[in-house]
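Novice: Following this message is one structure expressed as structure tokens.
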Amino acid sequence: MAANTEQLTEEQIAEFKEAFALFDKDGDGTITTKELGTVMRSLGQNPTEAELQDMISEVDADGNGTIDFPEFLMLMARKMKETDHEDELREAFKVFDKDGNGFISAAELRHVMTNLGEKLSEEEVDEMIREADVDGDGQVNYEEFVRMMTSGATDDKDKKGHK
């Protein structure tokens, strides 16, 4: 597990130490789980509440609700790896979002899939949009796109009673 932190540069470690110290209000060498979200956001990350809970349970070995600096470093090393993946997803989203309005319409999805050699029927494209479109606005925003790409939402057709 510690091998993750070996890929961090001294500069990154110093930056994380600074951020950590900023939120270690009482200077006892630990930050509370509530403060973790604030620390992550200050470093350009944008974790959801669920992601924060997952991260905390991954590194809070003794379950005391606080994270010490070595645990924090491991966490940040892990998040840096995920950020690379996130950059790739953002680039992919831009490919689909032809007009750059922050949403993927059925027409945009159909256009890109066709160019990729995927000949999809109207129904298949509409189905992909429906499954990814969590807020029901008929388009796919970035969060929905990420969820679709990381959870394989389009593979769940059979589970939703589609026969």
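The backbone N, Cα and C atoms fix where each Cβ goes, and this holds for glycine too.
Residues or ranges marked as Ca(2+) 1 binding site by Swiss-Prot on the basis of sequence analysis: Asp24, Asp26, Asp28, Thr30, Glu35. Annotation source Swiss-Prot lists Ca(2+) 2 binding site at Asp60, Asp62, Asn64, Thr66, Glu71. The Ca(2+) 3 binding site annotation in Swiss-Prot covers Asp97, Asp99, Asn101, Glu108 and is backed by sequence analysis. Look at Swiss-Prot and you will find Asp133, Asp135, Asp137, Gln139, Glu144 tagged as Ca(2+) 4 binding site, backed by sequence analysis. Positions annotated as domain 'EF-hand 1' by Swiss-Prot, on the basis of sequence analysis: 11-46. Feature annotation from Swiss-Prot assigns domain 'EF-hand 2' to 47-82; the stated evidence is sequence analysis. Swiss-Prot lists 84-119 with the feature domain 'EF-hand 3', giving sequence analysis as the kind of evidence. The feature domain 'EF-hand 4' is assigned by Swiss-Prot to 120-155. Per Swiss-Prot, the feature N-acetylalanine maps to Ala2.
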Novice: Judged by the number of other CB atoms within 10 angstroms, which among Asp24, Asp28, Glu35, Glu71, Glu108 is the least packed of the binding-site residues?
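Specialist: If we count Cβ atoms within 10 Å for the binding-site residues Asp24, Asp28, Glu35, Glu71, Glu108, the smallest count is at Asp28.
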Novice: Neighbour count, 10 Å Cβ-Cβ cut-off, for Asp133 (Ca(2+) 4 binding site): what number do you get?
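Specialist: Its Cβ shell of radius 10 Å holds 20 other Cβ atoms.
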Novice: On the three-state reduction of DSSP, what should I expect for Asn101 (Ca(2+) 3 binding site)?
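Specialist: Note: Asn101 (Ca(2+) 3 binding site) is coil by DSSP, not helix or strand.
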Novice: Which binding-site residues from the set Asp60, Asp62, Thr66, Asp99 come within 10 angstroms of Glu35 (Ca(2+) 1 binding site), judged by C-alpha positions?
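Specialist: Those near Glu35 (Ca(2+) 1 binding site) - Cα within 10 Å - are Thr66, in sequence order.
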Novice: Would you pick out, from the binding-site residues Asp97, Asp137, the residue whose Cβ has the largest number of other Cβ atoms within 10 Å?
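Specialist: Ranked by Cβ atoms within 10 Å, first place goes to Asp97.
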Novice: Could you tell me the mean pLDDT over the domain 'EF-hand 1' (11-46), as a whole number?
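Specialist: Averaging the confidence scores along the domain 'EF-hand 1' (11-46) gives 83.
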Novice: How about long-range neighbours of the domain 'EF-hand 3' (84-119): same chain, 6 or more residues beyond its ends, C-beta under 8 Å?
Specialist: 125-126, 128-129, 137-142, 145-146, 149-150
Novice: For Thr30 (Ca(2+) 1 binding site), identify the closest of the binding-site residues Asp60, Asn101, Asp135, Glu144, judging by Cα separation.
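Specialist: With Cα distances computed to Thr30 (Ca(2+) 1 binding site), the winner among Asp60, Asn101, Asp135, Glu144 is Asp60.
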Novice: Could you check the binding-site residues Asp135, Glu144 and say which one's CB has the most other CB atoms within 10 Å?
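Specialist: Neighbour-count leader: Glu144.
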Novice: Give me the Cα-Cα distance between Asp60 (Ca(2+) 2 binding site) and Asp133 (Ca(2+) 4 binding site), rounded to a whole Å.
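Specialist: Their Cα atoms are separated by 34 Å.
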Novice: For the recorded Ca(2+) 1 site formed by Asp24, Asp26, Asp28, Thr30, Glu35, which further same-chain residues have Cβ atoms within 8 Å of the site's Cβ center?
Specialist: Phe23, Lys25, Gly27, Gly29, Ile31, Thr32, Thr66
Novice: For the domain 'EF-hand 4' (120-155), jot down how many residues DSSP puts in helix, in strand and in coil.
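Specialist: So the counts come to 24 helix, 2 strand, 10 coil.
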Novice: Give the residue from the binding-site residues Thr66, Asn101 that has the most other Cβ atoms within 10 Å of its Cβ, counting over every protein chain displayed.
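Specialist: Output for this query is Thr66.
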